[in-house]
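The annotation topological domain 'Cytoplasmic' is assigned in Swiss-Prot to 1-28, 76-139, 192-278, 341-512. Residues or ranges marked as domain 'PTS EIIC type-2' in Swiss-Prot (evidence: sequence analysis): 17-349. Marked as transmembrane segment by Swiss-Prot on the basis of similarity to another entry: 29-50, 55-75, 140-161, 171-191, 279-298, 319-340. Residues or ranges marked as topological domain 'Extracellular' by Swiss-Prot: 51-54, 162-170, 299-318. Taken from Swiss-Prot, the feature compositional bias 'Low complexity' covers 365-376. Marked as compositional bias 'Polar residues' by Swiss-Prot: 380-392. Positions annotated as domain 'PTS EIIB type-2' by Swiss-Prot: 419-512. Sequence annotations record features per position, and here Swiss-Prot assigns active site, phosphocysteine intermediate to C425 based on similarity to another entry.
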Amino acid sequence: MSQTEEKKGIGRRVQAFGSFLSSMIMPNIGAFIAWGFIAAIFIDNGWLPNKDLATLAGPMITYLIPLLIAFSGGRLIYDLRGGIIAATATMGVIVALPDTPMLLGAMIMGPLVGWLMKKTDQLIQPRTPQGFEMLFNNFSAGILGFIMTIAGFKILAPLMKFIMHILSVAVEALVHAHLLPLVSILVEPAKIVFLNNAINHGVFTPLGADQAAKAGQSILYTIESNPGPGLGILLAYMIFGKGTAKATSYGAGIIHFLGGIHEIYFPYVLMRPLLFIAVILGGMTGVATYQATGFGFKSPASPGSFIVYCLNAPRGEFLHMLLGVFLAALVSFVVAALIMKFTREPKQDLEAATAQMENTKGKKSSVASKLVSSDKNVNTEENASGNVSETSSSDDDPEALLDNYNTEDVDAHNYNNINHVIFACDAGMGSSAMGASMLRNKFKKAGINDITVTNTAINQLPKDAQLVITQKKLTDRAIKQTPNAIHISVDNFLNSPRYEELLNNLKKDDQA
């Protein structure tokens, strides 16, 4: 394996790990928001104080949300059975530390117990006497839950207490030393590299929940989610940009600022690497502003949209929220404008920067790809890469795996029994949802009413999936998750000629 291929493999594994972390948190964002509303509205200093309803906030953050996260983590590993036992075992960690929201503990216990349940079943089921299946299944799950609950109480809880203490001390040290803005030096570049979800949902959300439970709000929820720095970059392109970058920056600004999809501005930074300075300084400004005003959110601001910021702003602190976003955008804009005004034009264009970003992320970005496709209606197919070596294993070589499944030849498959199409992406909430919505509209216009179109995360693809549509960089993972399904690869979810090819094939099979 060449060094380049090895780096790509490592990148895929890192991206998969980051996706797994965010897949535990993102499906439960609704619960976070519900808890945030209850805390923001009904507590003593809320919008409508109510002592009775305020009592809901504590149990929700202490029990409900950690259990949901543990269930999600266990289910990702071993479906419903893994999720149930994972949630059961996580009670040990929660009860051991009732004053600390055990989100980090749940993120560890959930996948671990799900994996142990899977291995336990693999060991016991082949040795189970006929007629005793239910007995063995129930007792094996119960015994594992019993053991892991005690392990969580006696082993993981003290470990979590130590880890949370170290992390809390580090964050508090930065706060007291007025150095918290320096975190942006790492956070802003890491977002653009591919770690935005892993950072926000894997680090700041658990720590922020602990702070919010103790202090009522947390500044940590604002560090990665502030839409100001990205808006400043896009505003600079609107005024000082040229060509495709300028033309697409207006739509990108709306998607980023109001929709909260931050990845839309990543290619604009990659086009001019000096713009990393702009987003870092913008991020530092936002954090410094919120630190100076004592601002924070009661729950995660996800997605990082200005609308979400407005809805989550605590009573009496709306102006503080506006100030943090405005100053972050202003500093980012001024620095970006100076860079664009007084430096040479970049050698690479928006298309190349988008490709660079996608290569770095280890996957296609349908939102970023729309930047390129919206400026021109020509959609060119990728040229076939070189012949795959006969000695390559399709499991190790994604290109060979895609060739074996004919993922780019829509006409090569039989669609007679298809009644469900699934769009799958990393987290199952953003780009795949847009792709599914687009195909549903196409089906509706074509009179195809007997086929359901849904979206999900790759890790949550059902084993009985019939037809799965993914972006090319993710198709190999989807195939390994559902090897018996038909798989179609697209360059981006928002503009692919394969949708029309699929429609034509479905119509033919329906008429036949």
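Using N, Cα and C of the backbone, Cβ positions are placed for all residues, glycine too.
In this chain, the transmembrane segment (279-298) lies close to the transmembrane segment (319-340): three or more C-beta pairs between them fall below 8 angstroms, excluding pairs fewer than 6 positions apart. According to DSSP, the residue listed as 'active site, phosphocysteine intermediate' sits within a strand segment. Away from its own ends, the transmembrane segment (55-75) comes close to residues 23-25, 27-28, 31-32, 34-35, 38-39, 42-43, 82-87, 89-91, 93-94, 98, 101-103, 105-107, 109-111, 113-114, 117, 209, 212-213, 460 of its chain (Cβ-Cβ under 8 Å, at least six residues beyond either end). Averaged over the topological domain 'Extracellular' (162-170), the predicted model has a pLDDT of 70. For C425 (active site, phosphocysteine intermediate), the number of other Cβ atoms no farther than 10 Å from its own Cβ, over all displayed protein chains, is 28.
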